[in-house]
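Asks: Got these off TrEMBL a minute ago, pasting:
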type	residues	note
BINDING	G52, A54, V55, N59, S322, N354, L419, D422, S423	Na(+) binding site
DISULFID	C157-C167	disulfide bond
TRANSMEM	46-63	transmembrane segment
TRANSMEM	75-93	transmembrane segment
TRANSMEM	114-145	transmembrane segment
TRANSMEM	235-255	transmembrane segment
TRANSMEM	264-281	transmembrane segment
TRANSMEM	348-369	transmembrane segment
TRANSMEM	410-436	transmembrane segment
TRANSMEM	448-474	transmembrane segment
TRANSMEM	480-502	transmembrane segment
TRANSMEM	523-546	transmembrane segment
TRANSMEM	558-582	transmembrane segment
Amino acid sequence: MDKKEIELPGFSKNNHLPEDTAVTEEHVDESDENVERGNWSSKADYLLSMIGYAVGLGNVWRFPYLAYKNGGGAFLIPYVIMLALAGMPLFFLECSFGQFASLGPVAVWKAVPIFQGVGITMVLVSTLVTIYYNCIIGYSLYYLFASFQSPLPWADCFSWWGADDTCSRSPKDPLCNLTLDNGYFEIVNTTWLHVNNETCPNGSEITFPHLGPSEQYWDHVALRRTNSIGETGDVVWYLALSLLLAWIIVGIALSKGIKSSGKVVYFTATFPYLVLIILLIRGATLEGAYKGIEYYIGSQSNITKLRDSEVWKDAATQIFFSLSVAWGGLTALSSYNKFHNNCYTDAIIVCVVNCATSVFAGFAIFSILGHMAHIQNKLVPEVAKSGFGLAFIAYPEALAQLPVAPLWSILFFFMLVTLGLDSQFAIIETIVTTLLDKFPNYLRSKRIFVTSGACLLFFLLGLVCVTQAGIYWINLIDHFTAGWGILVAAVAELIALSWVYGVNRFIKDIEMMIGEKHWLFWLWWRACWAFISPVLLLAILIWSLVTFTPPTYGSIQYPGWATALGWCMIIFCIMWIPIIAIKKIVLAKGSNLWQKIVAASRPTPDWGPYLKQHRGGRYDKTNQDFAQAGIPEVAKH
């Protein structure tokens, strides 16, 4: 389609911001205060909240494994390229979008009403994710409490927690069904074979199922896992209590919105870095640590892996999901900034810190895994895992073998709790902000009740995830909703703002906040927003659909009804994009379909900066319309 910008009445794309409005820190003063919605108490509150939102569990349990699997240090090349092409442009765009209008992820689409369904999709995906994400925090809390004992319960196959015959710290040697000279059969072990210089004929080996103590503890004690998603079992009471505690923490932290959560993040956003530094120092002093580092990002790095297109896909998806773009949270958190805050600098800082954290966390993880591989006489690939396998099986097992193991275990799981809580704060704030923006007269004064009600509702919905089949539900929701939904939303968001609203108009909106920039400054951002980023994300989306595989948990296949339910969840999230678009077109003025589409694509009359004093220049016409309509100084939002 031709790149066409739809103009506001009385708006000229040639209008420029006066030179004297260039932003410096002193411009962000009391005149920017939004009394009605509220603002961040300080710049540090906002930055730490954004860093805490972006830096989550995936930085610790997914990126290090991806780097190791995809060529080690060589993986940083596509990772940084994808950061520049997709991650950072979309991050900057969403921060600017929310800050400009001081509105959440749904209300902000007054800019392009026909695309308001994009915001609804983001909020719905965040809602589904928050249900299971807090369950993972609940798991971490359970393991945190279980760490206050010595020895750690998963350090060995203890009978008191029900370890069975398949539990062993090392695999049991296979037996051999040997045929003797007299024709009789005898079952012998490998030691007998070596002593008698015999070999076991093909097909005669008898192997035994084996689970390490940490893996059996995870399955049989922590989860009490059933054999499939169809076997729901009972609610695991201690996981339910851990989940309740997690929601109580979230509710208390958000009791006063950003005013309270902005203070909590001073601890929750910084504590993980302290723990990672401690774990790295401890890990680096252990025998065999260098083996893990070599596999992660050292001499075992494989530059030839860059020829594999799958490596580039992994880099793009990891940077995209790691930065939490297209979830609605960046728009929601940025909407509480003062209008003249320098959102460009903020975006660069948060993106760099997020990616650096991922790389740094890998050293802390793989130094300890290298030590575990050394003492078990295994290769690092044999002990390296990702996701739940790393957080609740491999790493706890490695920590259990260290001196003063409970201390290291407590630090590790406390770190996981704080990593998860930061992200959870932002997701709940996104949902609450959406509700308050939709019903400001009724709900804004009742924020604490809205937050408490949301936490209670999500706790009840999350109980299915702490049944004996809960891990299957978590894996199913994550497999479907945390992927395609936000990719669709991201592509639609880029198309809406770059091609319908107009990338030039959007840039001038940003310049109203941060001051005019040279055209060369915008060259890269304009190219990414209009072409590079949407094409790249669309390619990833298509590739993900083409290479779709049904969800599994380990070797356990999901039944057909579960896969169908997963598709229903993702369809429910994204169907609002066309539904809202059709609704807006039907209700729009116009004598034919094209005129209705154009009318539904134009910004609403009250679109623009939230406060009247920021509506100068390009939005003068809007001010005149407000004055004629008798609308007060705070723009009618």
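Positions of Cβ are set from backbone N, Cα and C atoms, glycine also.
Please situate the listed features within the shown structure.
Replies: Taking a C-beta cut-off of under 8 Å and a sequence gap of six or more, S322 (Na(+) binding site) has these contacts in its own chain: A54, G56, G58, N59, F63, G87, N354, C355, S358.
Summarising the environment of C167 (disulfide bond), the number of other Cβ atoms within 10 Å of its Cβ, over all protein chains shown, is 21.
Here the transmembrane segment (235-255) has Cβ contacts under 8 Å with residues 134-135, 137-139, 141-142, 145, 222-224, 261, 264, 421, 424-425, 428-429, 432, 448, 451-452, 455-456, 458-459, 462-463, 465-468, 470 of the same chain, all six or more residues outside its ends.
Counting only same-chain residues 6+ beyond the ends of the transmembrane segment (264-281), those with a CB under 8 A from a CB of the stretch are 44-45, 48-49, 51-52, 55, 60, 253, 357, 360-361, 363-364, 367-368, 408, 411-412, 414-415, 418-419, 421-422, 425.
Sequence-distant contacts of the transmembrane segment (410-436), counting only residues of its own chain at least 6 positions beyond either end whose CB sits under 8 Å from a CB of the stretch, comprise 49, 51-53, 55-57, 59-60, 104-107, 119, 122-123, 126-127, 129-130, 133-134, 136-137, 140-141, 143-144, 147-148, 246, 249-250, 253-254, 257-258, 261, 264-265, 267-269, 271-272, 275-276, 278-279, 324, 327-329, 331-333, 335, 391, 395-396, 399, 443-444, 447, 450-451, 454-455, 458.
Sequence-distant contacts of the transmembrane segment (480-502) (same chain, six or more residues past either end, CB-CB distance under 8 Å): 1, 3-6, 13, 90, 93-94, 97, 109, 111-112, 114-115, 118, 121-122, 124-125, 128-129, 317, 320-321, 325-327, 529-530, 533-534, 537-538, 540-541, 544-545, 551, 566-567, 569-570, 573-574, 577, 601, 603.
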Asks: Using only C-alpha positions, which one of G52, V55, L419 is spatially nearest C167 (disulfide bond)? These are the binding-site residues in the record.
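Replies: Out of the listed candidates, the nearest Cα belongs to L419.
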Asks: Return only the integer: C-alpha distance in Å from S423 (Na(+) binding site) to C157 (disulfide bond).
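Replies: A Cα-Cα distance of 35 Å.
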Asks: Between the recorded positions G52, V55, C157, L419, S423, where is the Cβ count within 10 Å the lowest?
Replies: C157
Asks: Is the transmembrane segment (114-145) in contact with the transmembrane segment (558-582), using three or more Cβ pairs under 8 angstroms as the rule and ignoring pairs under 6 apart in sequence?
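Replies: Touching, yes - the transmembrane segment (558-582) and the transmembrane segment (114-145) meet the threshold of 3 or more Cβ pairs under 8 Å.
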Asks: Out of G52, V55, L419, point to the one nearest C157 (disulfide bond) in space (Cα versus Cα); all of them are binding-site residues in the record.
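Replies: Closest by Cα: L419.
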Asks: Where among 75-93, 114-145, 348-369, 448-474 do we find the most Cβ pairs under 8 Å to the transmembrane segment (523-546)?
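Replies: Stretch with the highest Cβ contact count: 75-93.
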Asks: Would you list the other residues of this chain near Na(+) - those whose C-beta lies within 8 angstroms of the C-beta centroid of G52, A54, V55, N59, S322, N354, L419, D422, S423 - in sequence order?
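Replies: Surrounding the site, in chain order, are I51, Y53, G56, G58, S324, T357.
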Asks: Go through the chain and flag residues at least 6 beyond the ends of the transmembrane segment (75-93) whose CB is under 8 A from any CB in it; none is fine as an answer.
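Replies: Sequence-distant neighbours of the transmembrane segment (75-93): 66-67, 297, 305-306, 311-312, 314-316, 318-320, 322-323, 325-326, 330, 343-344, 347-348, 350-351, 355, 359, 490, 493-494, 497, 506, 525, 528-529, 532-533, 536-537.
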Asks: For the transmembrane segment (348-369), give me same-chain residues lying six or more residues beyond its boundaries with a C-beta closer than 8 angstroms to one of its C-beta atoms, as numbers and ranges.
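Replies: Distant Cβ neighbours of the transmembrane segment (348-369) are 47, 50-51, 54-55, 59-60, 63-64, 67-68, 76, 79-80, 83, 87-88, 91-92, 273, 276-277, 279-280, 282-284, 286, 289, 292-293, 295-297, 319, 322-323, 380, 383-384, 390, 394-395, 398-399, 402.
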